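Trainee: Before we start, here is the structure in question, set down as structure tokens.
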Amino acid sequence: MKPKLLYTIVIFTVLFSTYAHFFTSSSGLQFFSTSLAIIFLAGLLGKATETVAHFAGERLGGFLNATFGNAAELIIAIFLVREGLFDMVKASITGSIIGNLLLVLGLSIFAGGLKFKQQKFNPLLAGHNASLMLLGVIALFIPAAFARDLSKNHMDTFSLVVAGALIVAYFLWLIFSMITHKTELSDDPLGNHEQEEEPLWGKGTAILILVVATVFVAIQSEWLVHSIQEVALALGWSELFVGAFVVAIVGNAAEHSAAVFMALKNKIGGAMEIAVGSSLQIALLVGPLLVFISLFFGQPMDILFTMEELVAIGVAVFIAISISRDGMTNWFEGILLFVVYLLIGTAFYFV
Amino acid sequence: MKPKLLYTIVIFTVLFSTYAHFFTSSSGLQFFSTSLAIIFLAGLLGKATETVAHFAGERLGGFLNATFGNAAELIIAIFLVREGLFDMVKASITGSIIGNLLLVLGLSIFAGGLKFKQQKFNPLLAGHNASLMLLGVIALFIPAAFARDLSKNHMDTFSLVVAGALIVAYFLWLIFSMITHKTELSDDPLGNHEQEEEPLWGKGTAILILVVATVFVAIQSEWLVHSIQEVALALGWSELFVGAFVVAIVGNAAEHSAAVFMALKNKIGGAMEIAVGSSLQIALLVGPLLVFISLFFGQPMDILFTMEELVAIGVAVFIAISISRDGMTNWFEGILLFVVYLLIGTAFYFV
Amino acid sequence: MKPKLLYTIVIFTVLFSTYAHFFTSSSGLQFFSTSLAIIFLAGLLGKATETVAHFAGERLGGFLNATFGNAAELIIAIFLVREGLFDMVKASITGSIIGNLLLVLGLSIFAGGLKFKQQKFNPLLAGHNASLMLLGVIALFIPAAFARDLSKNHMDTFSLVVAGALIVAYFLWLIFSMITHKTELSDDPLGNHEQEEEPLWGKGTAILILVVATVFVAIQSEWLVHSIQEVALALGWSELFVGAFVVAIVGNAAEHSAAVFMALKNKIGGAMEIAVGSSLQIALLVGPLLVFISLFFGQPMDILFTMEELVAIGVAVFIAISISRDGMTNWFEGILLFVVYLLIGTAFYFV
């Protein structure tokens, strides 16, 4: 698609959804128009991420994309924490982690695998991603395993310890992966960039588009969440299913399109960085931050997830580790992730 | 052993067990004679599989062996489903999975490891086998984890979704491993077959022997199941132990001998294909098919396994993944599988 | 530090702690003086291990160090078994396993990683260590999973079967790793030893120092356990926390200093052997031996661990496997182990 045409469509669909949101009361129309706007905004985001990745490398580009994508989710979650809707916060954290690890990663690997027989990325990075995902699972699992032994007060303190430890670990990981061991984790240790095409925009323009498009995606996402809840009510869907699946799929649209774009350009390392990096950021940074933020609103949120949520996160992490560990992907591994997503989704739907 | 002598012994033992089954009432004699017949039939099967593997490659040969072996188990299970004996069906599925992954694979690796210091097979195949085994565990674990949240009706529907997803995944795996990525998963990418000896039979004869011997093993297995239940009763063994261990050991005799034969010829990839491939086929195809087949008999069977069965399958898969992941095996790894089999077997015995 | 100075300090601190133990009643002074003595004894042990490793190779040196370290723990545990304090025995086994896998290994990897960008060891050894750790977890997990189905008598018998199987597996592992596959598991298959410095002592002297220092560490450890219990009582710490953390940290001081020393000399394989090898010895040999030893005192100890202990051992094994599997370590992987140790420690503290 030519840039000019894309700009025009993005502007038109954003205006259309704005009109539907403020001047109509049909949740069906609102749902349709905001979905449309998000899809094209996500397309714009994908292109901007590609350009940033051209200048900054796949991994930093992927990190920026994941961060911008999660900023939106963090803002929405803060509003939910303020309202005391802790169960919905945890359901959306769960949904975001498994959505990124299974759906976003699964579709990227599948789409990339249809075009390329085998796609490779740095196995050292795969190993570290696996260990960090495992840390996230362990950190959520331990509080649940000790829940019956701890008083409410101790659990709140313990939640702060867990949250604090995860945030420290995440920042040390950034230092490790971006500074001390940047080269070792790089996808392209030799610096071969010759075959790449000319980027669409300059560095500054691309970052600006990234920021602006992310802001719009955040706004539209919130609108969509509102309209979709009414749609869901009309269709008889459970709150857990809406929180963990519908909201998460829409909320991750940006990561989604950017990751698939990268995979189709044979940059599966960048797609990994977006999907897995986004999951890790949710588990090790966004979730723990919300525990601390809840303190400011006077109602401490603990880090206790339900057994069903832990099972969902646990199996998602194990299958994602299993298929990514060797640093190679193919279409069938995308299918495997997708099947697990389908099974968890169906289970949540029936609950 | 010369072919002629083997034929003679097979025919004699089959006739002997037929006589014992129809014309005597001693369950001890029936048990002894059918066991003998199965052992020599399994030897014949092993030789036929080797020959087929010579023409079709180790992996297709292993796949055919696993399929013929499981066809017998599927037929027996269908009779059990018709009778509504769902617990025994699930016990025998459990026993078949752990029997293949721990006992058949363990003995193959141990026997091969005594002869060869290190045996190698394709690590890419090992990785995919690991992911598929994990999918099987996840697919059985999720329904159990959500059991308390779902009504009987929802669980029946959910079981069909799980079963359907597994069957689709299994057929996509066949397309992936036999068609799109056949070369990448091959044990012998360079096609070196020079050092191989002349096969015993032609292609057609070998397949015919494979089919005929499998049919006879199936019949003998059913007879053995009957006589062994009386023997077990006399010895005071529990039904779970008989279902998951005694029946599974006998029912997998064909896979067993073929896999050990292959390992002793330094074709550990073929032995893996038989043992792991047979487990995967049970978990991803035979079990799910039985869920659908149960619909035709008017009593839907759900996919809920007991906690004890899930633990047994889970630990079997985890230790099998752990020792096979690097694409190398040695005698000690066979011991590890065997120790886990012993522990699970003892636990089931005491239940 | 020069050897003469070290000898002097060791002798002085040992005498000081002996005085405090027998001639004062201040548990604070006893705690301080024995801690001091243990630290310097551990330093001596570390130097002796290095020297032994120079002659015997990193792996045998590490094995000797782990064995001498665990001999002390075995002796203390036998006294506890005689008193029927089974819960404290199991807590200290738990603490010793996770202390070695997370704290000792974590600090070694972190310290080594600050000095060297990447440290490598034999990935085949890493894979086998992983499988053995998994066997330990499985062997403790199965009895717990079947506990509700088994009578007290059956559980005692089953515990003996599990313990016997683990001891056999451990001795087969020694045969495998020290005899049949010694070369394959070696860190230095080419035998490059040129860059090594001259050892401090001769072979015989080093072994003598190893034995004598270990005996003193054992005595001092027991004194420390006594004084620390009073200190803990004064500080209000729970028995589980003292058993699994305080006692384990002190009891593993020898392994600790030796492992860190080795890592700082870029012999991460030796550090692994000490930390992981010590854990394996506890899980596969020391623990099972105690089950048999309990028979002689007339009160059979079963092998049932609490859910909290199993969770602690399980997550420790999984994260240790995850970071070590590729045969490479760096400072961040040390952090990961340490964070998990902190989380488990905090949970045990609050119980």
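The backbone N, Cα and C atoms fix where each Cβ goes, glycine too.
Per TrEMBL, the features are:
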- B:30-178: domain 'Sodium/calcium exchanger membrane region' (DOMAIN)
- B:206-346: domain 'Sodium/calcium exchanger membrane region' (DOMAIN)
- B:30-48: transmembrane segment (TRANSMEM)
- B:60-81: transmembrane segment (TRANSMEM)
- B:93-114: transmembrane segment (TRANSMEM)
- B:126-146: transmembrane segment (TRANSMEM)
- B:158-179: transmembrane segment (TRANSMEM)
- B:200-219: transmembrane segment (TRANSMEM)
- B:231-254: transmembrane segment (TRANSMEM)
- B:274-297: transmembrane segment (TRANSMEM)
- B:303-324: transmembrane segment (TRANSMEM)
- B:331-350: transmembrane segment (TRANSMEM)
Trainee: Could you give the number of helix, strand and coil residues in the domain 'Sodium/calcium exchanger membrane region' (B:30-178) as assigned by DSSP?
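Mentor: Secondary-structure breakdown of the domain 'Sodium/calcium exchanger membrane region' (B:30-178): 135 helix, 2 strand, 12 coil.
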Trainee: Does the transmembrane segment (B:303-324) come near the transmembrane segment (B:30-48), with 3+ Cβ pairs under 8 Å (pairs 6 or more apart)?
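Mentor: Contact between the transmembrane segment (B:303-324) and the transmembrane segment (B:30-48): absent.
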Trainee: Taking B:60-81, B:93-114, B:126-146, B:158-179, B:331-350 as candidates, which has the most Cβ pairs under 8 Å with the transmembrane segment (B:231-254)?
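Mentor: Of the candidates B:60-81, B:93-114, B:126-146, B:158-179, B:331-350, B:93-114 scores highest.
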Trainee: Would you list the DSSP helix, strand and coil counts for the residues of the domain 'Sodium/calcium exchanger membrane region' (B:206-346)?
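Mentor: Here the numbers are 118 helix, 2 strand, 21 coil.
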Trainee: Take the transmembrane segment (B:158-179) and find every residue of the same chain, 6 or more past its ends, with a Cβ under 8 Å from one of its Cβ atoms.
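Mentor: Tertiary neighbours of the transmembrane segment (B:158-179) are 59-60, 63, 125, 128, 132, 135-136, 139, 142-143, 146, 150, 185, 280-281, 283-285, 287-289, 291-292, 300-304.
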Trainee: Short question: which residues 6 or more past the ends of the transmembrane segment (B:60-81) have a Cβ under 8 Å from it?
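Mentor: Distant Cβ neighbours of the transmembrane segment (B:60-81) are 45, 49-50, 52-54, 88-89, 92-93, 96, 178, 210-211, 214, 217-218, 221-222, 225, 251-252, 254-255, 258, 262, 269-274, 277-278, 281-282, 285-286, 289-290, 293-294, 297, 301.
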